[in-house]
Amino acid sequence: MPAITQELPAPNRTKPLFDSNDVTVIFVLGGPGAGKGTQCANLVRDYGFKHLSAGDLLRAEQDREGSQFGDMIKEYIRDGKIVPMEVTVQLLENAMQDAIDNEGNKRFLIDGFPRKMDQALKFEEAVCLSKFTLFFDCPEDVMQERLLNRGKTSGRSDDNAESIKKRFKTFVETSMPVVKHYEKEGKVVIVDATPTPENVYEDVKKKFAEKGIEEKA
Ligand code: C5P
Ligand code: MG
């Protein structure tokens with residue numbers, strides 16, 4: 001495998017690139033199939049956030065002609081493993097800079113990230129401190145059913161029974177510790193993701209209001 005640091009060095013800074021008083025970052029976590037993307041779309045519509053999905057950015061990089069990481073990303077995604085964080089952190093930083101420069105949007109929902117402690121620490125050290133983490137809590141049997149359904153049309157290489165099993169394992173072993181870490185800091189907003197998308201969104205809106213985050217005029 002080529003050295004990741006050749007083309008996408010992990011940002012090496014002692015201070016975050018963006019000031020969290022100026023740039024808002026909300027992490028959106030939850031198991032695969034918990035409904036993160038669906039709820040983020042609602043929040044973009046009503047609150048004007050910029051939605052950045054780490055998984056979508058990785059899939060785009062995987063398909064980008066000339067990417068030296070394409071094959072590596074493909075393998076990690078199929079196996080439900082977490083891609084080395086240098087790649088993901090840099091893709092997010094680039095996408096944030098782009099949204100700030102070209103859309104003037106400084107409010108971000110960062111979906112499916114951080115999925116591993118090293119991502120969380122590196123991002124907050126080098127890119128931006130998060131405001132809080134929105135966590136969609138959902139039982140595995142519900143997520144499994146949603147993913148298998150989605151797999152009929154998503155065309156995703158990892159929406160199949162075998163990959164789903166691996167993704168659940170990664171979620172429990174690698175991503176839940178991130179949620180626990182932010183819980184200890186009192187920075188997690190938990191939403192029950194079992195009900196219908198409409199009911200889940202009602203709860204999200206209520207909790208955002210409690211956090212002082214207002215809808216677009
Ligand atoms: O969030 P999503 O389900 O789209 O992520 C798909 C895959 O992308 C994950 O299973 C994982 O392989 C990779 N990924 C990652 N690090 C992240 C987000 C996604 O490695 N922070
Ligand atoms: Mg998603």
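Using N, Cα and C of the backbone, Cβ positions are placed for all residues, glycine too.
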Which of Arg146, Arg167 belongs with Arg59, Lys81, Ile82, Val83, Gly112, Phe113, Pro114, Arg115, Gln119, Arg156 in the ribonucleoside 5'-phosphate site listed by TrEMBL: Arg167
Which of Pro177, Pro195 belongs with Gly33, Ala34, Gly35, Lys36, Gly37, Thr38, Arg150 in the ATP site listed by TrEMBL: Pro195
Spatial neighbours of Arg167 (ribonucleoside 5'-phosphate binding site) that are distant in sequence (at least 6 apart) but have CB under 8 A: Gly31, Pro32, Gly80, Asp158
Neighbourhood of Gly35 (ATP binding site) by C-beta distance under 8 A, where only residues 6 or more apart in the same chain count: Phe136, Cys138, Arg146, Ala193, Pro197, Val200
Tally of DSSP helical, extended and coil residues in the region 'LID' (149-159): 6 helix, 0 strand, 5 coil
Most Cβ neighbours inside 10 Å, all chains, among the binding-site residues Gly112, Pro114, Pro195: Pro114
Helix-strand-coil residue split for the region 'NMPbind' (53-83), DSSP-based: 19 helix, 1 strand, 11 coil
